[in-house]
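The active site feature in Swiss-Prot is assigned to SER170, HIS197, ASP297. The domain 'Response regulatory' feature in Swiss-Prot is assigned to 5-122. What Swiss-Prot lists as domain 'CheB-type methylesterase' is 155-352. According to Swiss-Prot, the 4-aspartylphosphate annotation covers ASP56, on the basis of sequence analysis.
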Amino acid sequence: MPRKKVLVVDDSAFMRKMIGDMINSDDELEIVGKAGNGQEALEKIRELQPDVVVMDIEMPVLDGLSTLSRIMESQALPVIIFSSLSQKGTEQTLKALQLGAVDFIAKPSGQISLDVLSVKEELIKKLKVAANTSRKLPVYQSLHEPVVKAKKSLPDQDRKLNKLVVIAASTGGPKALHQVIPRFPAGIDAAILVVQHMPPGFTRSLAERLDSLSELRVKEAEHGEKVLPACVYIAPGDYHLKAKSRLKGTENELYIELDQSKPRGGLRPAADIMLKSVAKQFWSHIVCVIMTGMGNDGAAALPCIKEKKGRIIAEHQSTCVVYGMPKAAVETGLVDKIVPLSEITEEVLSML
């Protein structure tokens with residue numbers, strides 16, 4: 001099998017060399033070219049026809065977001081973004097994922113030559129996944145900012161919780177969540193818990209961005225807080241999200257528990273952990289959604305959801321950036337509905 005062709009785009013000659021050496025060390029990938037800015041990258045893409053691009057965001061001449069937008073308009077080539085861990089960097093990364101980037105890797109800080117090598121395994125794994133995704137990836141957003149929703153009132157702390165939606169996603173998930181969460185109407189009588197595989201810092205930016213676009217209140221989950229209807233709680237990076245029920249008078253209440261117990265399958269947060277916890281602790285109706293992502297996180301916990309008479313939705317392969325997690329879910333034989341991304345919110349509402 002021929003090696004997958006990779007184009008490296010970064011304005012730092014040092015970074016281009018480091019990334020190139022890492023990629024060329026793998027026998028399934030090869031560097032076919034390097035570019036120092038976005039304009040040069042577009043020219044190299046036309047000339048070299050790479051299978052996948054790894055690209056920095058902050059570059060001269062033509063920045064990464066503008067370059068990515070043009071790539072998506074022309075051929076939807078799979079792109080992996082190198083992102084900084086700064087606040088600006090996390091926000092730019094989320095915009096890149098909305099524009100159509102397949103995934104991202106957080107640029108390490110500190111002693112750069114040693115730290116860059118620490119991401120080698122992650123880089124190679126994600127490049128291989130990206131190189132094998134469809135080139136006809138759907139593009140849902142443009143560089144223009146989406147409409148920001150009006151400020152929401154504070155949630156009613158005494159409102160009874162009778163329904164729960166749990167969502168799991170990985171690669172392609174941030175973009176998919178931007179299509180699902182803002183479509184929920186204000187005042188729904190369910191809370192939504194989300195596990196999206198992302199590093200620390202990125203989940204907070206994701207929650208803030210979704211909150212600005214949604215009628216529901218969206219936030220990064222905090223340890224010990226009460227789970228309320230019409231609110232969305234996103235598991236913070238590097239923490240497992242669990243549910244804990246408590247009896248208050250004659251009524252049950254649900255609370256968030258966060259911990260840094262052992263990663264499951266290398267993942268923290270892990271959907272399996274959240275789903276099993278919810279199935280054990282929640283006393284009423286559960287709807288579970290497994291969306292785009294590599295691997296099989298979530299599938300092992302589906303029998304627990306079914307034991308509680310929960311309903312399960314999997315995203316259809318046609319709209320997945322990576323058909324891994326939904327495929328594993330479908331293969332359990334426990335999924336009730338398989339629907340494209342555009343129909344997930346409507347399907348969830350019909351099951352509540």
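Note: Cβ is positioned from N, Cα and C throughout, glycine not excepted.
Other Cβ atoms within 10 Å of the Cβ of HIS197 (active site) number 26 in total over all chains. When averaged over the domain 'CheB-type methylesterase' (155-352), pLDDT in the model lands at 96.
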